[in-house]
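Under the heading active site, for GATase activity, TrEMBL lists Cys135, His240, Glu242. Sequence annotations record features per position, and here TrEMBL assigns active site to Asp271, Asp429. For Cys135, the entry in TrEMBL reads L-glutamine binding site. Annotation comment: TrEMBL describes Gly358, Asn494 as substrate binding site. Annotation source TrEMBL lists domain 'Glutamine amidotransferase' at 60-246.
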Amino acid sequence: MEVVPYASSFVTKSLSFSALSPPSIITLRQKHHKSTRKSISTRNLVICASGSNSGSVVTLLDYGAGNVRSVRNAIHHLGYEIEDVRTPKDILNADRLIFPGVGAFASAMDILAKTGMAEALCTYIKDDRPFLGICLGLQLLFESSEENGPVNGLGLIPGVVGRFNSSNGFRVPHIGWNALQIAKDSEILDDIGDHHVYFVHSYRAMPSDDNKEWVSSTCNYGEDFIASIKRGNVHAVQFHPEKSGGKKFVLVKPTHGKASKLAKRVIACLDVRTNDKGDLVVTKGDQYDVREHTKENEVRNLGKPVELAGQYYKDGADEVSFLNITGFRDFPLGDLPMLQVLRRTSENVFVPLTVGGGIRDFTDANGRHYSSLEVASEYFRSGADKISIGSDAVYTAEEYLKTKVKKGKSSLEQISRVYGNQAVVVSIDPRRVYVKSPNDVQFKTVRLTKPGPNGEEYAWYQCTVSGGREGRPIGAYELAKAVEELGAGEILLNCIDCDGQGKGFDIDLIKLISDAVSIPVIASSGAGAVEHFSEVFMKTNASAALAAGIFHRKEVPVQSVKEHLLKEGIEVRI
């Protein structure tokens, strides 16, 4: 992607946001050519980033919403310096400008308008100066958005940004790796049309006769939407090149041809806590018990979080999820070790990172109150792409079901309002409660595929809090429906009964919840063999499957899971 005017008398460098060629997301290349029009290397999303004597500086428009640390790491990896936009004048003086917009449309436009940056950004782009927008950085170029709106955008491209239609069975947000359809030549898209790139959004712009001169690629998710635009030196992409990292070695060849649709995701989860020596380690529970059954009763230690996350990225995991089970429950922002884990991990892991544990409102020992939004913001700045909320979401849902009033003050509501619902995952941790008849309880039950210990044919799933230690008077079905209404963008569905057992996911539970909601559901707890992954994708509407212990102990490698899924005709990213 060009982000400086083409000039024949200078060396051309490239910032290559590599969607498919690890080990790093960006590689730096420098080549002399008589026309300085460098040949675009294959399997890379390329940004031509020089052509002037302005030095190795990229101006970054970071307005403070969401995780842009990966973009920063990518730029630094190239040897480029970053100059942050602090005033509108910084935009006008930029030689090359990157706008990695993250979060909600209305919040972003409000900040841009109040700071005077909206006008400067319009002037910069109208002058056809080198620009790359990412995700919301593309959407804001359009006339308006329906998100919390209508809200006016920058008005540079005809069209309205609307929400995906979930009534046709497609889950919203659109999360994961999908395929592109190239509409016209654009150097940033060379040779990536056959491969998956990473999307995470609930709203999209649609191609039309009025904006067709801008559209360089589309993606199909129930309908064709705009995946990238190009006109002159102005480029923008709906997907995240900085999160579309691939594996260092392609160990599995697709058996069904090129990328064609949204891929099923395989997620590696790392339960992180301090052990008795005070070291931060990755552990794994057996029905949430993380201690060894030995005389010492020590915390089970399966490795160091940063190193393991890096290995899973190289192995091809589609996402890495950190669950902070130490909790730092009295002072979440004092959790410096976990914040440091995120910062260090994001330097070398270029797939989405989710973090959960202790994200809520709290007051410190000095009486200073911190909102859950402030807590989440610190995690986002440290490298998290999504925040997982557990116990706090249960309490919020209970209150909502009693009053039917959305107060807007819960962690779930606050974070989704500012960062978008695609940034909020709700972790549901239920236990199976067997009953003889659906009429025995007020909660939604499921007819079991395997009878209970006393021949029971039905069960309901009681939600828990505090790491599974306390049951609550709410079912998983009721909780899932409530948090979707409150703004959750994804559900991480655990089953305590299956945790650590290696006998397979709880298909009854996952089918119940994935059929009940229109947001993506991640299946968790119980995986012990590659066949368990294909089973959950074939028998339920789960969008992703997560595992921990079998990956940590190298019993079932990530590559083996993907190879098996491909053989079974299930599309995955390779």
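Cβ atoms are placed via backbone N, Cα and C, with glycine included.
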Request  = Sort out for me which one of Glu242, Asp271 has the most neighbouring CB atoms within 10 A, since those are the active-site residues we care about.
outcome  = Glu242
Request  = Could you tally the C-beta atoms, other than its own, that fall within 10 angstroms of the C-beta of His240 (active site, for GATase activity)?
outcome  = 26
Inquiry  = Between the Cα atoms of Asp271 (active site) and Gly358 (substrate binding site), what distance do you get, rounded to the nearest Å?
reply    = 13
Task = Looking only at C-alpha atoms, tell me how far Glu242 (active site, for GATase activity) is from Gly358 (substrate binding site), rounded to the nearest Å.
result = 27
Query = What average pLDDT does the predicted model assign to the domain 'Glutamine amidotransferase' (60-246)?
reply = 91
Remark   = Here the 10 Å Cβ neighbour count for Gly358 (substrate binding site) comes out at 26
